[in-house]
Every structure is written in C-alpha cells, then in structure tokens.
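Engineer: Pulled from Swiss-Prot, these are the listed features:
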type: REPEAT; residues: 13-106; note: repeat 'Solcar 1'
type: TRANSMEM; residues: 19-39; note: transmembrane segment
type: MOD_RES; residues: 51; note: phosphoserine
type: TRANSMEM; residues: 87-107; note: transmembrane segment
type: REPEAT; residues: 116-202; note: repeat 'Solcar 2'
type: TRANSMEM; residues: 122-142; note: transmembrane segment
type: TRANSMEM; residues: 173-193; note: transmembrane segment
type: REPEAT; residues: 214-309; note: repeat 'Solcar 3'
type: TRANSMEM; residues: 220-240; note: transmembrane segment
type: MOTIF; residues: 241-246; note: motif 'Substrate recognition'
type: TRANSMEM; residues: 293-313; note: transmembrane segment
C-alpha cells in the first residue's frame, strides 16, 4: 500500500529504501514513455490547430507526428533531453514518495483522521509533489528545452544548455513556469494518490477473491486509471506550463510554426483561449492520456514492487 497504514505489516522499510524504490520506479518508467512525452510536448507548443485541415500545422496526430519526427530527426529524437529527464524522474520519484510516506505518517500520529482517507491522500500527495517539484524544476526546464528544439540543435549537451541559458537569460530561467507548475501539480498529484488508493479499495471490494491475488496487475490497472482521471482534470495547466517554459526560446521554435511570447500564467491562458479556443487548452491530450496511463500505472507498479521486495528481504534476514 502506498502511504502510511498502521494495520499493514509490509511497510517496515527504511527511508533510504523508500527513496530507492521511488527513484527506480521513475527511472524505468521514463525510459519507456519518453517517445510519448516528446510528442506530447511538440503538440502542446504548436500554435496551429492539430488538424489535417490546417495546412500550416506541422503535427496533427500521434502516428503522423511520430513518423515525421522519425523522418526528420531520426529515432534518437524520441529520447531528446533524456539525461535531464532521467535526472528529473530519479530525483522527483525519490523526494515525492519519501515526502508522501512521511506526511501520511505525520497525519496519522498528529490527528484522529485515518491516514488512508481520500482527503488525506489528496492533501499529502499534492504537498509531496510540490516539494519534489521545487527540488527538480530546473531539470524540468532543461528537459522541455531539449524536447522542444528541432534541427539544427541549439543545445548540443546538457552542460552547453545550462551555460547558454544562464548566460543569455539569467538564473531565473531555470524556474520559468514554476507558478503554473505548482498550481497544476498539487491537484494532479493529489488526485493521483487519492484516486489510486480509492480504485484499489474498489477493486478489492468488487473482486474480493482477486483482490488478494494478482497484486501487481491490480497496482498497474489502478495506477493507470488514476493517471488518466488526474491528467484530464488538470491538463490545461500543464499546457500553460510548457508554453511558459519555452519563453525566450522562440528562435529555435520557428521551424515548427508560429511562436508566441507570454508575460505570465494569466496572459498565457488568455492568449491561448483567444487565438486557439477552448480546444487549444487540450492540445496534446491524446498522447498525454496515453502517457499518463502508462507512466502512473508503471510508477505505482514499480514502487510497490520494490517496496515489497525490500520488505521480503528484511523478513528473510530476520
């Protein structure tokens, strides 16, 4: 079970083991879903409609975008920014799960509320994600820049990107899009954790015999469902965040179509609604939902798997 549960006997693991489980779950998942992430970011940053009817649109569908990126930039393009993305996943996973476990235990010890309640998991999930975001946001900006650039590349290496961005845009460039990120990540992660635990309980109630078995499949299925629901509810804020993160990067974006500059979150939201309509707030939703289903399902699957592995190792040693 993710989160503190006083009745569970399978969470007698150390903070280091929790951090390792969170890190590895993020690392493995990132390798698998990186191509979808690149396509999603390209969709989010495209001003033109994602439609065949718009002659100026570079991308209009997942398969078409995948083929075009492959033809123009080669297979490695699907792992553009993979090093910063992996640093992001490893650091974020460790901090988020460690914070979540600590916060749910704190709630249990400091109040009479059940640490497994939907509201407790929502609040602790949101707060743990905010802590993790503050820790790794500069890496997220780097990942977005790498995934957004076409050919020829503006940044050749991670070091080149850090030096160039710092020199041309100042230190605050590494926290571009932080406000919408925090605003978006709190409800997104809150829903992820709370819906995941709720779906697991619903699964065990609906299939009591199966609920005790096939734990790995249950974790994967419930994690995927939680990812899809959470992403749908909070998607527009994720799009605004991506648009803000590539501010000052307009020249490298010119080959992809129109570019825009935004003064902040409200200005970004206003421009998107005026120029692209309400549907503009959901550009890239399809690959995002597919990515959310895979990534959230896999993250919870791997996290629970590694936690159980550490638990059984301790049990065998005792």
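Note: Cβ is positioned from N, Cα and C throughout, glycine not excepted.
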Engineer: Please give the sequence-distant neighbours of the transmembrane segment (19-39): residues at least 6 beyond its ends with Cβ less than 8 Å from one of its Cβ atoms.
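Structural biologist: Contacts with the transmembrane segment (19-39): 13, 59, 62, 65-66, 69, 77-82, 85-86, 88-98, 147, 284, 287, 290-291, 294-295, 298-303, 306-307, 310.
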Engineer: So what sits near residue 51 (phosphoserine) in its own chain, CB-to-CB under 8 Å and at least six residues off in sequence?
Structural biologist: 57, 60
Engineer: I'd like to know the mean pLDDT over the repeat 'Solcar 3' (214-309).
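Structural biologist: Residues in the repeat 'Solcar 3' (214-309) carry a mean pLDDT of 84 in this prediction.
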Engineer: Which residue counts does DSSP yield for the repeat 'Solcar 1' (13-106) in the helix, strand and coil classes, in that order?
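Structural biologist: Going through the repeat 'Solcar 1' (13-106) residue by residue, I get 73 helix, 0 strand, 21 coil.
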